[in-house]
Each structure stands twice: as C-alpha cells, then as structure tokens.
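Per Swiss-Prot, the features are:
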type	residues	note
BINDING	R37, G38, R69, E88, D89, L90, V91, D92, S93, G94, D95, T96	5-phospho-alpha-D-ribose 1-diphosphate binding site
BINDING	R69, D92, S93, G94, D95, T96, W134, I135	GMP binding site
BINDING	D89	Mg(2+) binding site
BINDING	D92, I135	xanthine binding site
BINDING	D92, I135	guanine binding site
Amino acid sequence: MSKKFIITWDAMQSYCRELAEKQMPAEQWKGIWAVSRGGLVPGAILARELGIRHVDTICISSYDHDHQRDMTVVKAPEGDGEGFLIVEDLVDSGDTARKLREMYPKAKLIAVCAKPAGVELLDDYVVDIAQDTWIEQPWDMSIQFVEPVNRKQK
C-alpha cells in the first residue's frame, strides 16, 4: 500500500474518547472484549472512559505486521456476546469482523478505524480510512530526530 495514515498517541486517545461517547450509557455493558493485539490499547482506553472493569481478550491471529495470513482463534470468551463491546483498532478486509460476528452474534462490534470493505460489519466506528491506505498505529512507531532540510544540503 502506497498511502499511509499515521495515528499519534494523542489522536488515538481522542478517537477512543469519541468512540466511547457513542457507547453511552455505560451501564448497558457487562464488559469489553478487546481483540488482540490491535484492540488492546483502544479497549483499555474505552474501559477507562466508560468505567468498565470487566475486560477480557479475544485472540485472533491474522496479520504479521503488514501481511495477512490464515486466521487462527487462539482464545475466545464463552457466550454469544450479549452485553459486551468487542473492540478493534481497525476493520480492513472484514475477515476478522465476519468471524467475530459468527462467534458473537449478540455483541456490539466497534472499531476506531474502518475501511470500506469492512465498514458494513461494524456497529460503530469513528475514522474512515481508504482501502489502499496502511495505518501506522502509535504502538508500532517511535519518535526520532529528523535532520533539518538545510543541513542535508551541506
């Protein structure tokens, strides 16, 4: 993918707060199931914003940084998802979201970001991303010094 969308820590916090506001009132939720690993940070932020203490994980493996591969369910909570928010950082192709819908038909599936191929599978999200754009999450990056332009020419 040639295009990149970079999400800073501040932006992630803001996006998650916006997503949390859409989930009010918080009392309707039994808990949050964060999809590992991308949904862990958004799940923690949502848990804080909504005052939810019951947080668990759904562990589905389908990516090796930038390459999609076969989907494997490593860990999954019991039940049909009723009363739970399932939190993802991104819905891309929709493959993981389809699997989550199959596993937990009564859960509310939400994500911070959505691409067109998977957006219809979500109940809520806050950021539209073009299908041909790669997202760089803040936990995948570091801040580093960049040489000023005028020094490069010497």
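Here the Cβ of each residue, glycine as well, is placed from N, Cα and C on the backbone.
Features per Swiss-Prot, on structure.
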{"residue": "R37", "record": "5-phospho-alpha-D-ribose 1-diphosphate binding site", "CB count, 10 Å": "15"}
{"residue": "D89", "record": "5-phospho-alpha-D-ribose 1-diphosphate binding site", "CB count, 10 Å": "23"}
{"residue": "V91", "record": "5-phospho-alpha-D-ribose 1-diphosphate binding site", "CB count, 10 Å": "29"}
{"residue": "D92", "record": "GMP binding site", "CB count, 10 Å": "24"}
{"residue": "S93", "record": "5-phospho-alpha-D-ribose 1-diphosphate binding site", "CB count, 10 Å": "13"}
{"residue": "G94", "record": "GMP binding site", "CB count, 10 Å": "18"}
{"residue": "D95", "record": "5-phospho-alpha-D-ribose 1-diphosphate binding site", "CB count, 10 Å": "16"}
{"residue": "T96", "record": "GMP binding site", "CB count, 10 Å": "26"}
{"residue": "W134", "record": "GMP binding site", "CB count, 10 Å": "13"}
{"residue": "I135", "record": "GMP binding site", "CB count, 10 Å": "20"}
*Residue pair D95 (5-phospho-alpha-D-ribose 1-diphosphate binding site), W134 (GMP binding site) - Cα distance, angstrom, rounded*: 17
_Between I135 (GMP binding site) and S93 (5-phospho-alpha-D-ribose 1-diphosphate binding site), how many Å separate their Cα atoms?_
13
*asked:* Tell me the coarse DSSP state (helix, strand, coil) of S93 (5-phospho-alpha-D-ribose 1-diphosphate binding site).
replied: coil
